[in-house]
């Protein structure tokens, strides 16, 4: 690999080890017992008197104490054997790494190169390569078996309450089954309603599925900029994001060392990695959109395909004829990729090369099974611009491109807005399903108001929960730094947790069979004052415990039947437990009735006597009533 690097640069340091009171477990599917599908088991206290709780896990080997993490070597490349077993691929030398791939960075500022090099694979003509092609042929791949086991959380049969949960939810036409089988996964992919983003060169990947009939997924964006960040920080942010629940990660780097940063991330990522190739292509022509060419973009696509990127955001729906539709907008074109292509189209007065070369783009991506994430380059960047003609014209074009990509054998999902007030969100979901043949929808929020810079993880979390309920398959997180700056690792965690809440709330509302298990387990822990279980069952045990410890830090407080909100005398749950305990001491049901009835009658008689004593008037002097009440206390 002819990459210049600075030998003084340090290797990335990442967070490892299990989450509190958790352990990594692995499920083995009946149809492929050699597979090890990761889950996280939350270990409950003995006082719980119930089994430990398995939950979906995105953290990869980083939370498995039995695995030695070597970021310099990367994660185990388990999927290569699956790909070779299917056949239809070839190993080849691949393109040389060029100085412009890393922004022509000088040796003094070059990041340390990832040393381990593996020759890339590509599909052979006339052979099935993509998960879509295998699914249409009726073939269930190991990736399909893997994700079915993962969605079921290792269960071998449906939950007893699965049918009731489905009936209780409102799925808006989604067809969530009581139990996920590999055949169901295959059929959803064959219909284009779900994708497994899994480049054949991302051998470190733990496969996952995106589709509205599966668990709602979330994406975390990372990436450097020309102003700040480094390879070390971005690898750390990737590992940090998946620790807290990011299902996929997008590397949106726009600064130096783009190729090297991406290589480090991919070789150490167990989750799908997405990119926006136009960003790197723009860096290769010194940031001037007018100088972009199809040849340069094509070379960038192949470069990233060979590295193992799992999905590309491609803004092929930004057409010359739509650009004028944005002229009356409050915030114009806010997508970076959309604005780049709009400027190119206007400068050359030509149709976008992403649109005119779309067939060829499909052919390239198919050879590596890279999924499309058809970008919404004309998404609204303000509430005022939501659902306008520019936005929906592009969406209609994305529907046309989806069908072309499907015909070519490529997997597709569709990107969505943006900034949309609550009452305009559902029409976005409905129109996307109609125009794009139910291809998975992947939205940025949407943000439901524009008035809260610094809190846009909340403004967008509201919209994300809603559109997830309506059928959006994956939600792209927004951090508190949105519109303000590049997020650091704390912002990444806040964004991920916010969007895990939104995704889970959507799954509950849809009636997903397993969604409520964790809620119920936490509610039981809360009612029984099992504080440690309550912390550990939450999405962020560390923060929950730290908030509790701010006022009740002693270990004895972890078994106390109250918290600092209400104290021991006013805790509603403690009072309810006292009532239950009292009722339990009265074994004879008739005695309970007599006792309660007698208590009520005595109280009524006492108040009647008091009323007469004070003169029998409807309206009494307030001070006299207060004085009289003292005698009753």
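A Cβ is built for glycine as well, from the same backbone N, Cα and C atoms used for every other residue.
For 221, 250, 279, 315, 335, 336, 337, 376, 377, 378, 379, 415, 442, the entry in Swiss-Prot reads substrate binding site, with the evidence type sequence analysis. Taken residue by residue with DSSP, residue 279 (substrate binding site) is part of a helix.
As annotated by Swiss-Prot, Zn(2+) binding site applies to 419, 483. Over all protein chains present, the Cβ of residue 483 (Zn(2+) binding site) has 13 other Cβ atoms lying within 10 Å.
The feature [4Fe-4S] cluster binding site is assigned by Swiss-Prot to 563, 566, 571, with sequence analysis given as support.
Per Swiss-Prot, compositional bias 'Polar residues' is recorded for 1-13.
The feature region 'Disordered' is assigned by Swiss-Prot to 1-22.
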Exercise. Under a criterion of Cβ-Cβ distance under 8 Å and sequence separation of at least 6, what residues of the same chain contact residue 377 (substrate binding site)?
Worked result: 315, 317, 318, 333, 335, 337, 338, 339, 341, 342, 394
Seminar exercise, completed: One finds that other Cβ atoms within 10 Å of the Cβ of residue 335 (substrate binding site) number exactly 24
Exercise. In Å, how large is the greatest distance between any two Cα atoms among 221, 250, 279, 315, 335, 336, 337, 376, 377, 378, 379, 415, 442, the listed binders of substrate?
Worked result: 20
Exercise. Reduced to three states, what secondary structure does DSSP give residue 221 (substrate binding site)?
Worked result: strand
Exercise. Just checking the binding-site residues 221, 279, 442: which sit within 10 A of residue 419 (Zn(2+) binding site), CA to CA?
Worked result: none
For this session: Tell me, if you would, which residue among 279, 442 (binding-site residues) has the fewest other CB atoms within 10 Å in the structure shown?
Result: 279
Problem set entry | Neighbourhood of residue 221 (substrate binding site), C-beta criterion under 8 angstroms, separation at least six | 249, 250, 252, 476, 477, 487
